[in-house]
Amino acid sequence: MQPLRLPQQLLPLLLASWLLVSSTSALSSTAAATARYQGRRSLASNPIHIDGADHELSAAQQQWDLLLTAHQQHQPLNAINVGATKLDLLPGVHMRVSTTTLQSGRGTWVEVSWDGLKDPKYDDWIALYVPAHADLTSIAPAKFQYAFYSRTHIRHGSGMLRFKVISYRQDMVFALVRGGLAAPSIGATTPVIHIANPNEPLQVHLALTNEVSEMLVQWVTQNSSNPVVRWGENPEHLKHQVPARTFTYARSDMCGGAAAGAGWLDPGAQHMAVMTGLKPSARVFYQVGDEAHGFSPVASFMARPPPRLATVGTELPIADHPGSSNMRPGQGGAEHVARSNEDGDGISFGGGSVSNAAGARALAASKLGGASSTRGRIKGDEASGDEDAAAGRVAAADDQVEGKKHDREAGDVVHVLLTADMGQGEEDGSNALLQPQHPALNTTGRMTADMLRGQKHWDASAVGGVGSKTDAESLMKHFAPTLGLHIGDISYAQGYGSQWDNFYTQMEPLASHIPWMMAPGNHERDFPGSGDRYEVVRDSGGECGVPYEKRAIMPIQGPDQPWYSFNWGPIHFAMFSTEHATGHYSPQYKWLEADLKGVDRRIIPWVVLNGHRPMYVSSTNKIEPDGEQPVAQALRDDLEQLILDTQVDLVLAGHHHTYQRTCPVARGRCQEPTSADQQEQRAPIYVIIGHGGKEISLNLQIPPPPTLVKSAIYWGYARMVASPDILRVDVISDFDGSLQDSFTLKSRQGPSSK
């Protein structure tokens, strides 16, 4: 018989399970249930109140509570009782590192070794602390591994572990910690690790602005004083350059919890610059940095598809669907464009009339679908060449007004990556506990591979012209994504600033090549007293949306108003926040109503609505106020009529860590075709793609809801392709890249579907 061999990834899970079992001998079932509740709603180190008496937890009981808290809140660092940490250096214990200078901030493998430890235990751990010269008893580590992962630790009191270390822009130190996670005692430290270039431009990622001829890029350094972005259509000649705007945020901006306490880490200097005057669907090469400290490697992206042109003389049929108020999609579109421009670029069109040719061309471009319905356009530094930017926008408008056929063709087919609830993982196995680290890495890796394979099609004729625009299989065969959507629960930092650095380092190989557009989730926004919709959950760890908004500049409405929309070829994407009020008198609802009713469906045949928490979900969680079922019902009460009236085609969500797809559904009932030859859907399909990386949710309803068509309980992501006639979504397994699900929608309103 062959010996049983367990995958190395299972070791931390087995250890955590053993710790749970061994730590619960003194806990009654009532106490265990109470611990679970306390772990979800409050700080894990609080005493548990049982039967009217306060019971201080033993170390073993604290271990139980901390591990449950970390598991239920999806952040392993929550398992460390930082408040109980002490410094007790052990004589005779020595620690070493393979390097004391980190040369590459994007990731360097460091060997950490130790010896001389007497009475080694299974709950000893090795941790990375940042900054090195802080009071280590008052801060959480950036990452940790159990010392027994080294085979010689238990037997000899010595060992070696490998860590992949990135730049946090400050000196770092490793420590040997005893006492488990409940009563940490720092027994030894390594020599300090210095950062060779703390101003190395890192965590580069792209985003859209409100202008079709622009692309925003963001990165981080320690304190670079002259950051710029260079770009051009030739990687050897980046002829354009503009300075970046620099900003940051402070501990005092946090709302409490770990974010304002043990999890705080200086976020460094956040730099943001806007590349302007980009030609539609052109491949653009760029790099960021400064002369004094160096530049990032040259990367490239595809500029935004051109605004689509309406087919002359087309009229939209009013689709027959349940609950329709017979408002024509796109009604009021011209007024909507005028409203957007009132607050936007400083150009007032006065109800559509203009006084100069440039203004006329700009207005024409906006009416051709180029104007987003969002307000408050993001501007770069005032010295960044506004005249050149304006000239670029006018030139782009000229091309659009001419109505060149190749422009329309280039914008007719688009390829998009979709995910939610992904988080970040550690390549070295750190921070595993009850949560596997590999799914987030697999999701990111497979999406990056999709992008790299698709780069060979990155030109206007290839992206817009590969395959038949009416054949879904042909479109998906040459998948070449140029855009990514992440629908909430982004990094799962939950107050631990180092985790944001980890996430954007993980994402840079992908998000530096395609704009990565996001919506907030509960783990970015929610904290008691911060003004979120629920007011009682601590899911953001005290961040209350600040790091999310500062580290990822989206074209939102304003501070803590994280809703926006944009057009991408034949699709209108509307991003809204399920963590803010959506009632009919709320600012968000008023914005969403104007946005959805303002889409001219003769030009943009597809509308996709994106919000983190689902409106239809198979889940047994009925706990008020933020359980999946009560929230889904509230969102339906607020938004479903608007969704039906404006003929939204697809609603994407996350939050529940599974994949789920409904039938075309209205008010809880599947809407079947009215005739045998009808191919177009009569109501929107609701899809949950919450299986991006965090632990899978197993609380599905049995039997399933009648609206549920497909579900999957393994990790994955989705690919979307769309032409004016069809929209297809393929759901891909992280395990082997196989197809978990696939569905195709036929346009109800596209010019070719008449």
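Note that Cβ sites are derived from N, Cα and C of the backbone, with glycine treated the same way.
TrEMBL does not curate its annotations; it predicts them automatically.
A quick note: this is a predicted structure, and the numbers were derived from the prediction, not measured.
The signal peptide feature in TrEMBL is assigned to 1-26.
As annotated by TrEMBL, domain 'Purple acid phosphatase Fn3-like' applies to 106-197.
On the 0 to 100 pLDDT scale, the domain 'Purple acid phosphatase N-terminal' (201-301) averages 97 in this prediction. Marked as domain 'Purple acid phosphatase N-terminal' by TrEMBL: 201-301.
Annotation source TrEMBL lists region 'Disordered' at 313-350 (among others).
Feature annotation from TrEMBL assigns region 'Disordered' to 366-408 (among others).
The domain 'Calcineurin-like phosphoesterase' annotation in TrEMBL covers 418-659.
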Which residue counts does DSSP give the domain 'Purple acid phosphatase Fn3-like' (106-197) for helix, strand and coil? 7 helix, 39 strand, 46 coil
Looking only at the domain 'Purple acid phosphatase N-terminal' (201-301), how are its residues distributed among DSSP helix, strand and coil? 7 helix, 47 strand, 47 coil
